[in-house]
Amino acid sequence: MATNIRKTHPLFKIINNSLIDLPTPTNISIWWNFGSLLGLCLIIQILTGLFLAMHYTADISSAFSSVAHICRDVNYGWLIRNIHANGASLFFICIYLHIARGLYYGSYIYKETWNIGVIILLLLMATAFVGYVLPWGQMSFWGATVITNLLSALPYIGDMLVQWIWGGFSIDNATLTRFFTFHFLLPFIIAALTMVHLLFLHETGSNNPTGLDSNMDKIPFHPYYSYKDLLGFFILLLLLTLLALFMPYSLGDVENFIPANPLVTPPHIKPEWYFLFAYAILRSIPNKLGGVLALAFSILILLLVPMLHTSKQRNLTFRPITQLLFWLLVTNTIILTWVGGQPVEQPFITIGQIASITYFSFFLILFPLAGWWENKMLNL
């Protein structure tokens, strides 16, 4: 009998074991689609980014005009730029939903997969931040100034570190050039880490909505889940097309249509919408170093989630108290996002401070406490 090449060829065998004959739980829901959607987002971002890089000039005197040139003179340049800019927003929507699913269904129990995922998130945030600086508009310049300046809060090495990142004593040509380099390089590192993420995931197999062992009830990934993923792809591409064609600038900041001017500060400096929750946490602490540490910890706290898991059950399907806390955390994060986009005045300062305290309380106190309490109730 002839052997199947996909099962014997060294390269095809890897693809086959990852995407075709992969044993997958029968009951994974639509929430498990976001991993593949993130892969699609990454491919779209790399491809559109490559085409934009062909026409972009990383020089402060011509960066803004090169972006205008892309939108006006390059064939379908406006479309490529709109897809790239709005693709970033969809990328973050997908990754936040992916993380939320991981928290809800206890996927963080697979520590290696989870930790690599957090590193990917940090790199994605770094990529988006340096990418936002490239058009060299007002918000690009001042956003970069404010965020990089935060590093000066670090004792002893702070000022030296800021000047090292800037490549001088202020944000200048050297800064833009290196940010462009990082923006070009980081997505490929993210792609490599995605492979490691999948490697660790396939060591254990996928989690499922029940949180129970599913080894006795699995089906091949193709055709069942490959077609399911394909449906997700079509929905994502439809949303991206609608965003890019009908409301391309709805998620951006109007200040970025003004070329960067170091002499004029925008009335309200703020990052893109997907960083606003972390920005609100940063602003809610009056001390500069404290704010920087809170900002870093708002993401790094995800690394503590597996260690703070106290429940005997893996997911929240049959844990009503923790379920309530989870949805309160989601609401809290939305409130932080809203506050981050508001000016620094009352009542937003107080709301931001309360929301920041509760954000950390959920992870460090309330979730572990609720898990312990539910264990006690199970023993009654």
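Going from the start of the chain as shown, residues are counted 1 onward.
Cβ coordinates come from backbone N, Cα and C, glycine included.
Swiss-Prot annotations:
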BINDING   His84, His183  heme b b562 binding site
BINDING   His98, His197  heme b b566 binding site
BINDING   His202  ubiquinone binding site
TRANSMEM  34-54  transmembrane segment
TRANSMEM  78-99  transmembrane segment
TRANSMEM  114-134  transmembrane segment
TRANSMEM  179-199  transmembrane segment
TRANSMEM  227-247  transmembrane segment
TRANSMEM  289-309  transmembrane segment
TRANSMEM  321-341  transmembrane segment
TRANSMEM  348-368  transmembrane segment
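Where Swiss-Prot records a feature, it is marked here on the structure.
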| residue | record | CB count, 10 Å |
| --- | --- | --- |
| His84 | heme b b562 binding site | 21 |
| His98 | heme b b566 binding site | 19 |
| His183 | heme b b562 binding site | 22 |
| His197 | heme b b566 binding site | 21 |
| His202 | ubiquinone binding site | 14 |
Checking the binding-site residues His84, His183, His202 against His98 (heme b b566 binding site) with a 10 Å Cα-Cα cut-off, in sequence order, leaves none
With an 8 Å cut-off on Cβ pairs and a sequence gap of 6 or more, do the transmembrane segment (289-309) and the transmembrane segment (34-54) reach 3 or more such pairs? no
With pairs closer than 6 in sequence left out, are the transmembrane segment (179-199) and the transmembrane segment (34-54) joined by 3 or more CB pairs under 8 Å? yes
Whole-number Å value for how far the residue listed as 'ubiquinone binding site' lies from His84 (heme b b562 binding site) (Cα to Cα): 30
Positions whose Cβ lies under 8 angstroms from the transmembrane segment (179-199), at least six residues beyond its ends: 18, 38-39, 42, 45-46, 49, 53, 56, 58, 113, 116-117, 119-120, 123-124, 126-127, 130-131, 133-134, 144
What is the separation, in Å, between the Cα atoms of His183 (heme b b562 binding site) and the residue listed as 'ubiquinone binding site'? 29
